Amino acid sequence: MFSFFKKKPPAATPEPASTTPPQEDAAPTGALGWLKSQLGLAPAPAETPETTTPPPAAPAVAPTPVVAVPVAAPPLPPPPAAAPLVPPPPLAPPAPAAAPVVAAPAPAAQAEEGGTAERSGWMQRLRGGLRKTGGSIAAVFSDARIDDALYDELEDALLMADTGIKATQHLLDDLRRRVKERRSTEPTAVKALLADAIADLLKPLEKPLVIGQHTPTVIMVAGVNGAGKTTSIGKLTKHLADAKATVLLAAADTFRAAAREQLGVWADRNLVEIIGQQGGDPAAVSFDAVTAGKARGKDVVLVDTAGRLPTQLHLMQELQKIKRVVQKADNSAPHEVLLVIDGNTGQNALAQVRAFDDALGLTGLIVTKLDGTAKGGVLAAIAQERPIPVYFIGVGEKLEDLETFNAREFAQALLG
Ligand SMILES: Nc1nc2c(ncn2[C@@H]2O[C@H](COP(=O)(O)OP(=O)(O)OP(=O)(O)O)[C@@H](O)[C@H]2O)c(=O)[nH]1
Ligand SMILES: [Mg+2]
């Protein structure tokens, strides 16, 4: 279901790069020096941050209808085995250039039946990552009787899987209702009903990332240290570039040289441009990237930010500043604010979602490292308490290990 809707804007001349980053009034000291000095120099051109490649010629501006551009294998229908990135037929009929882009829901997953080799391989890794949870839930259904003891055991297993009290209670109530309705008595049938209940709970999280409604689509990526932000951006860049979307990377993690280099490796690998400024102000770098993205007609600008804990208030304020300054470069941006969460974080992931959402207004999540020792239930807790779409899940460090989230598949993987 990995669908992007990509739409070029109607014939419009890209705006030239702004030469003067805006005044940022919220934090007028220290790291803001770059912005302030540029204001002082106006109308002289702003200092150009380093880029790895020169700006290309002006982009084509012919209006193009909405086109679905998948960047990974959709669960149904099975994609060609060797070409997971080949666009399937558009999910929506071509729309007039001015029509709003609407994201269609993903098709129902039936990964178990007739999936491609890649898809089932990917499911295996997800299932392998969640095997502890799968094992303990499967053990509950090894009993022949459906009684209160089974529900008690199931409650324990769900809580152990990081599902949280509210989501666990919801699932148990929902399961009891389904069992009653169907008059199920077989443990396997009840387990299947639990899969249905989990899939229904997770369904609101299943939403494709949409690009093409804005040029560029500006995607800001945040999260705690080491969650997998840069790696996920790298994988996503590759997918986008393969799908012929033009991408510009913003190395807004300016504290560590290694962070800029790490993103630079992905930029080189994918032959995309990167804007960075060692030791510079992350908001200024982001501003420059969005301005350059507009001037160069890029489809997507991905802003990589430094890791931070939600308790580090000054660093959370810095993120808010990046968001505000990006908005000054393009008043409709950022179009997406993504939080990357490490799937092994357990219930703390929910706390991170709440804190980053309160600070930034999240539009989507990427859940990484579901190939390790993750329990996975936290997605149910997120769905119950802060249902923010999960655009992608990561099940490894390799390129192909980033996939779209599918509620049904995830529910099946969770139950082993
Ligand atoms: N197993 C596994 N490892 C992952 C996954 N995603 C990222 N990693 C690894 O996690 C580590 C941290 O990833 P980064 O992308 O550098 O994380 P980050 O959030 O950018 O880190 P900071 O910028 O330092 O905050 C790296 O070793 C990645 O290879 C995943 O889905 N599975
Ligand atoms: Mg990083």
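Numbers here mean position along the shown chain, with the first residue as 1.
In case you wondered, yes, glycine gets a Cβ from its N, Cα and C as well.
Note: TrEMBL annotation is automatic and uncurated.
As recorded in TrEMBL:
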BINDING   223-230, 304-308, 368-371  GTP binding site
COMPBIAS  41-51  compositional bias 'Low complexity'
DOMAIN    389-402  domain 'SRP54-type proteins GTP-binding'
REGION    1-60  region 'Disordered'
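DSSP assigns G226 (GTP binding site) to coil in the three-state reduction, outside any helix or strand. Most other Cβ atoms within 10 A: among the binding-site residues K229, R308, that distinction falls to K229. Listed in sequence order, the binding-site residues among G223, G226, K229, L370 whose CB lies under 6 angstroms from an atom of ligand 2 come out as K229. Each residue in the domain 'SRP54-type proteins GTP-binding' (389-402) has a pLDDT score, and their mean in this model is 90. Checked against ligand 1, the binding-site residues G226, K229, T305, R308 give G226, K229 in sequence order as having a Cβ less than 6 Å away from one of its atoms.
In sequence order, M220, V221, A222, K229, A252, D253, P282, L319, I322 are the residues near T305 (GTP binding site), counting only same-chain partners six or more apart with C-beta under 8 A. Residue environment of G226 (GTP binding site) contains 13 other Cβ atoms, counted within 10 Å of its Cβ in all protein chains. For G223 (GTP binding site), the same-chain residues 6+ apart in sequence whose C-beta sits under 8 angstroms from its C-beta are K229, G307, L339, V340, I341, Q352, F356.
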